[in-house]
Amino acid sequence: MADLAAAWTRLEAAAKVAGEKRIALMFEAEPGRLAALTLNVAGLHIDLSKQAWDEAGLEAALDLAHAADVEGARTRMFGGEAINSSEGRAVLHTALRAAKDADVRAGGVPVMAEVEAVRVRMKAFTEAVRSGAIKGATGKPFKAILHIGIGGSDLGPRLLWDALRPIKPTIDLRFVANVDGAEFALTTADLDPAETLVIVVSKTFTTQETLANAAAARAWLSAALGEQGANQHLAAISTALDKTAAFGVADDRVFGFWDWVGGRYSLWSSVSLSVAVACGWEAFEGFLQGGAAMDAHFRDAPLEKNAAVLIALAQIFNRNGLDRRARSVVPYSHRLRRLASFLQQLEMESNGKSVGPDGQAVKHGTATVVFGDEGANVQHAYFQCMHQGTDITPLEFVALAQSDEGPAGMHAKLLSNVLAQAEALMVGRTIEDVRTELVAKGVSEAEIATLAPQRAFAGNRPSTMVVLDRLTPQTFGALIALYEHKTFVEGVIWGVNSFDQWGVELGKVMAGRILPELESGAAGRHDPSTAALIERLKL
């Protein structure tokens with residue numbers, strides 16, 4: 001622990017020095033900077049050279065990773081040890097994308113036979129629905145799927161569908177997550193129950209929001225097809241066969257997954273069955289292959305050449321060395337527009353903790369606030385704040401080197417924007433440059449005195465650039481696995497368990513208590529504000 005404390009001290013000292021430097025000038029001072037801070041892995045080009053660290057800062061960050069035993073933690077995770085200590089579980093979402101003959105064990109017990117058995121069932125179901133061998137109650141083939149889930153049972157599959165969906169899908173895929181009747185009504189308004197397959201995703205089949213939407217879906221089906229007919233339009237992702245049977249789902253249409261798969265890591269599992277059916281098995285299998293390729297890199301590459309480790313260390317350098325408490329993720333790809341929403345759960349639910357596995361308060365700041373949206377749209381929204389705001393927010397840009405979608409020339413325009421933003425954030429624009437421009441335009445000295453400071457850009461805003469060769473199932477799988485491993489590395493260094501989520505429980509319990517109070521109109525013991533709101537909102 002003394003070595004770890006010393007490593008933290010060195011990182012903070014190095015960050016203080018680097019924070020006084022201009023990133024743009026580091027390229028001159030460090031001739032090997034670009035080569036040292038760019039990697040090509042599994043169809044991804046990753047450029048960390050515009051980050052705020054200098055050579056000494058990078059060295060201090062790597063020393064911290066060694067002191068925190070990232071390598072040992074990595075070995076324990078891939079070895080199937082119960083690194084989710086609060087729940088006594090292994091963490092093996094990597095097994096879901098491993099080859100069927102891989103030697104993967106949870107607590108010493110081989111798991112790949114079970115994983116492969118579920119994959120075989122998923123593939124058979126996918127092909128049967130797509131071919132029309134599995135039909136609805138009226139004999140019509142399924143033309144739409146309604147995916148019902150929330151959290152990890154929604155965010156991952158929804159992003160996966162956006163990334164992989166055909167331009168003109170033969171099977172449409174819709175999602176319902178929120179316990180808000182408006183979402184269900186709007187999503188199903190133009191669907192035909194006779195041609196819609198409903199897939200309910202809940203490991204325990206007890207999730208309140210999901211069951212409420214599932215009940216609405218069943219009523220919607222039953223109104224058109226009858227109770228027995230509705231059963232033919234149901235499938236489930238769950239381990240609670242008794243509950244799915246009671247709901248009307250045949251056992252051969254229930255697909256499970258394991259306790260060693262956390263919800264936010266579950267899109268590699270049967271949780272994404274709806275996407276496999278809508279996109280085809282080949283696309284889903286390619287997604288798994290891309291994740292496996294990134295797993296191999298993360299498992300085998302030394303820390304100084306390890307993409308997930310370096311991206312994690314850049315965030316730790318910004319968060320803990322430079323006190324940057326937020327990070328903006330901006331995909332310059334319409335298909336990846338939900339990436340920031342997915343990463344909000346992955347990173348903030350994993351590492352948004354103030355207590356470590358030993359029950360003691362952590363000694364350093366943990367997860368940053370993640371936000372973001374689609375580029376170039378955000379340039380006309382919050383990028384004013386990114387360029388000239390009082391707080392410096394590191395950014396992460398995600399782009400595609402090539403895209404065949406859309407009219408000719410549009411992709412080049414998109415790329416020009418992402419490259420310009422990253423450069424502008426780093427180099428900025430001096431008051432002198434602005435003054436020269438205004439003088440050339442004949443602006444008076446009095447006006448220049450007020451306008452020039454407003455039009456200057458301080459620059460020195462750090463960013464990372466992640467470029468996919470193309471958006472394919474394989475490169476998308478590699479991208480998601482990269483972020484998963486990055487999140488794991490950060491958790492190891494911060495000293496938190498990245499695989500539990502006790503922070504979501506209290507609100508669930510209190511909502512369960514408040515619901516009957518809203519229905520009865522009799523508020524229980526609450527603070528004055530909540531009691532008054534219950535009185536105002538009672539049903």
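Cβ from N, Cα, C; glycine included.
Record features, source Swiss-Prot:
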| type | residues | note |
| --- | --- | --- |
| ACT_SITE | GLU349 | active site, proton donor |
| ACT_SITE | HIS380 | active site |
| ACT_SITE | LYS508 | active site |
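The Cβ neighbour count for the residue listed as 'active site, proton donor', using a 10 Å radius and every protein chain shown, is 22. Note: the Cα of LYS508 (active site) and the Cα of the residue listed as 'active site, proton donor' are spaced 15 Å from each other. Counting only the Cα atoms, the space from the residue listed as 'active site, proton donor' to HIS380 (active site) is about 29 angstrom. By a simple count of nearby Cβ atoms, those within 10 Å, the most crowded of the active-site residues HIS380, LYS508 is LYS508. Classification of LYS508 (active site) by DSSP places it within a helix.
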